[in-house]
Each structure stands twice: as structure tokens, then as C-alpha cells.
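Below: one structure, written as C-alpha cells.
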Amino acid sequence: MSRILEGAGPTARAGTVRAPAATEGTAIEIPRSVEDLVVVLDFGAQYSQLIARRVRELRVYSLILPFDTPLADLLALRPKGIILSGGPASVYDPGAPRCDPGLFTAGVPTLGICYGMQLMAHDLGGLTGPAARREYGRTRLFVDEPEGPQPLFGGLERRLICWMSHGDTVHRLPAGFATLAHSDHSPHAAIADRARRLYGLQFHPEVSHTPWGSDVLRNFLYQVCGCSASWSMESFVERAVDEIRARIAAGRAICALSGGVDSAAAAGLAFRAIGDRLTCVFVDHGLLRRGEADQVVEVFRDHFGVSLVHVDAGRRFLDRLRGVVDPERKRTLIGNEFITVFADEAARLGRPEFLVQGTLYPDVIESGTRTAARIKTHHNVGGLPQVVPFRLVEPLRTLFKDEVRLVARTLGLPEEMVWRHPFPGPGLAIRVLGEVTEDRLAILREADAIVTEEIRRSGLGRDLWQAFAVLLPVHSVGVAGDARTYGHVVAVRAVTSQDGMTADWARLPMELLETISSRITGEVQGCSRVVYDISSKPPATIEWE
Ligand code: XMP
């Protein structure tokens, strides 16, 4: 589908790349629509993905590669710039992650952030060591940048607030470098060797707590690297459609729709490419939120005219789940049942050769790392290719979630689908704690619809990662009129998060919580108590099961 650079051995062709750690055994893919490429070298930072996303928001394509990517391979990609991420190590530690020092003399504009800057300074002959005083969080920054070409702080105030998180600092600059900014405890909080186009920042421009951070990144990309704003979702869609068409040629493809934005966008692209040679299969396990199943059918079949098989398998899944209370058992049963139903449909359709999937870039990065396999085990659709030997078409493999939403919007999908929060594959089954029965599902669905509606009405939905209701496996005493009741308990969960790996409970306005609570107790039969979950992840998880 893309300008694919395949795994390279000693006999590698020019322009091919082997990416050792994060993408082991896989090819590096760059969409054909990319004109300018910026590589983010990952030194183990929590924020590498955020850096890459910020660069893409500035309409320059970025790619994350492991710190030990061989220099020749890196240069073969012809990057317009390189950004070295932060990381937890100290540069003077034995075994600290390092890149090839030849990188700093290769003539490619380079920006080191935090650890990246310390490494650059260290490798070029400066002195890096523990700071007399560590800086964490909001920090005052004083810009000292002299007038001149390639200004990093061009257009910015001379006094700023930035976000720091470091224990080490650069004590002495390497030859050729000048200080562009300092803070109360970092004499060299931003540095540059303009002649060699090497830059360093001790603070984190990628985090939202450095509100003007994108301006510095923009200056680096446009003024220093000479990039242009060439990465757009419109051009991506055009190219992706061409690539899918070329790949599938005269073949046929199948796509599993889930109701989420990823599979919807992948299906939308494939439909544009091959029309009725695509069949979408919507395995409706009866565990979706209210109205979602109808919407999938309405949007794809009725509105777009996609050939859609709607398998109404709710009964079948409920039968499987009878008497099951263990969450992992629920997941396995649902996952296996899903695969069986899907494989049956594929067989009925004469086994199309290609499977279109909405795999995203974070999945690609994570599935290649040593720790990530664990995180993704619950993604049950991943089991499909093993069961039915499809050739995979994954048009979103190079995109972040926010970019997929733009693709979905470009394709004309309804806003509700475009902005849908992540939803677990096993659906409401893991939000009905204890046994999943038709009645209990109906109660949860009603309560959940109230949460969803009120969140939408409040306009806060886009600030939240997820917001939903959970039906607890307990009853609680209440009063209605003069009578004592013994009713259901619903928990409301709303979290903010960047990627679902860590999350904080959302400080929803009290009035909103009050409306949600009184509507649930007033409208959901048999529910007398509502609680709000104020746990962060860790130690809790986002879902209750
Ligand atoms: P947790 O509960 O692990 O959730 O903090 C992190 C994110 O993953 C989603 N999630 C799942 N997604 N199948 C999925 O496809 C699952 O079994 C599953 N469990 C959790 C969860 O909704 C959140 O976005």
C-alpha cells in the first residue's frame, strides 16, 4: 500500500531500512502522499508518540524509530529533520541508550528534547550531569535567543512558562553552541548550533502544559528543516484509495465493522477503492450501546450503499454467556464466538482473499515492543487471520487516532461515529458485572444512554477519553414514597487520557453529575442508587472488569 521499506540484511538495497527494536521483523511504511519526513528517535520516553502527533498536527509526516536504528538506514529515509525524544536514563550511565554519534555530523537538522538534548551535548564534547536542583512541572523560561536566521523562539514572548521534568542538565555547552533560553535552575534550557542546525530543549514542547510548545516545533520544522505543510488527510485519503485499489486489483475483500471509528474509516476507504467487491460483515453480538447497531446498518447500507451483512447474533452470544461471571472468561467466550460467526460468514461469501482491518499506528508500534503484547491481548479481532488465512489490508497503519477521525470525516461519516469514544470489543458484557442477562443488559443500556446523552449535551465529550455506566452486582436499600426498596446500583465512569494506558477520573461539573444521577434513578426502573467512580488508572483500570 505504501512506499514500503522492507527488512534489510547485509545485502540491503539502497533506500531500505531495518528497524531493530520497536518494529522488529516488520517493514517501515511511509504513505506515498508524504513529501517531507521527520523521524522521532525514541529513547524510551513516555512522550514519543505525543511528539510525533504534534509534528503531524503541524502537517509534517513523522515516524517513530528506535534509538538504535542504524545511521545508514535512517539517512536512507532522507528525513528533513530528526527529533531525539526524552528518556528515563542518564547519558553518563553505562548502558544508557545512544544513537550513532555520526548523526550529529550528518548534516540533518536535529532537535534533542530533554534526554535527547543531553545526549547531543554529551556526544559533541559538552558536559552533562545531575542538576543542582531538579525541575518538575511548571517552570519559568527566559528567552535569550539572539537575532538571526532559523529562530526557534521567533514570534514568542521573551518570558514564558514551560513544563520541565529532569534531574540531569547540560552544564557546559559543546563548541559552536549558544544558549537560546534559561530557567531559574537550568542555565542552558534551550541551545543551538545554528551553523550545524543542531538544537536542544531541556523542557517538553510536546505536552499541553507548554502551551506555546507547538510554536517552537513549528519553527524547527519550517524555519530550520525547511519542511512545508504537506501532510493532509485529504491527500492521504486519495492516495490510500489508489493503493487499496492497486493492492486488491480484481480481488474481493471482507471487513468486520464494529461500530467504532477505526473499522468504519478502514471500510470507507476500501469501499471507495473497490465498491461492491467489498463486503462488510457486522457481527452484532447484542452487546452494543443503545442505537449503535442500527446506526451501523443505516450509515453503511442505507446511506453509502455498501454491501453489508448484518449478523444478528445477540441470542447466540447471550446463550454462551449464561452463568458466566468471570471477566476473562467472558472475553474469551465472546472473542471465540465472534471469530466463529465471522469465519462462517466469510465461508458463506466464498472466502474473499483480503481482510480490511482498522489497525492504527499505536498498535503497530506497540505490537513490536517487548512489553506491548500483553496490553493488546484483549483485542479479539486480532485472532481472525490465524483462523481464516486472509491477506491483510490495513490502510490506517500509519495513522494516529486523531488522524483517523479526520479521515472518517473526510469520508463523510456522521459526526457521532467520527467522535465515538473507544469501546471494548466484548461490549457491555464487561460493564454488566456478574452474570449477563437480557434484563440486566437492558438496565445498563438505559442508564448508559442517559450518561451518553447528558455528556453530549454538556459539550464535554471531546475532552473525555470515555464516559459510561456500569451495572454493579449488588443491590442496595432505598426508599420510594413510603416504601423501602432494594434496587440496582449504577456506577458512572468518566476518564481523561491520552492513550488509555493511564487515565484520570474526570472532574465533571456537579450539576452534570446531579442531572445524570436524578435521571438514572428517575427513569431506569428498579435503580435507586448512582455512584461516581473517582479512581485513576493505575491503580484501577478504566473498565471495571
Ligand atoms: P482498561 O480497562 O484496561 O482499558 O484500563 C484500557 C482501554 O482498553 C479498552 N478495553 C478493551 N478493548 N477489548 C477491547 O477491545 C477488551 O476486552 C477491552 N478491555 C478494555 C477500554 O475500554 C479502554 O479504552
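Cβ coordinates come from backbone N, Cα and C, glycine included.
Note that TrEMBL annotation is computational and uncurated.
Annotation for Cys114 (active site, nucleophile): same-chain Cβ neighbours under 8 Å, separated by at least 6 residues, are Ala45, Ser85, Gly86, Gly87, Ser165, His166, Leu201, Gln202, Phe203, His204. Among the features that TrEMBL reports, active site, nucleophile is placed at Cys114.
DSSP classifies His204 (active site) as coil under the three-state reduction. The active site annotation in TrEMBL covers His204 (among others).
The Cβ of Glu206 (active site) lies under 8 Å from the Cβ of Tyr47, Leu50, Ile51, Arg53, Arg54, Ile113, Gly213, Leu217, each on the same chain and at least six residues away in sequence. Residues annotated as active site in TrEMBL: Glu206 (among others).
As annotated by TrEMBL, ATP binding site applies to Ser258, Gly259, Gly260, Val261, Asp262, Ser263, Ala264. Neighbours of Gly260 (ATP binding site), defined as other CB atoms within 10 A of its CB across all chains, total 18.
Annotation source TrEMBL lists domain 'GMPS ATP-PPase' at 231-420. Each residue in the domain 'GMPS ATP-PPase' (231-420) has a pLDDT score, and their mean in this model is 89.
Other than the site residues Ser258, Gly259, Gly260, Val261, Asp262, Ser263, Ala264, same-chain residues with C-beta atoms no more than 8 angstroms from the centre of those residues' C-beta atoms, the ATP site, are Leu257, Ala265, Gly358, Met417, Arg420.
DSSP assigns Ser263 (ATP binding site) to a helix. His204 (active site) has a Cβ environment of 24 other Cβ atoms inside 10 Å.
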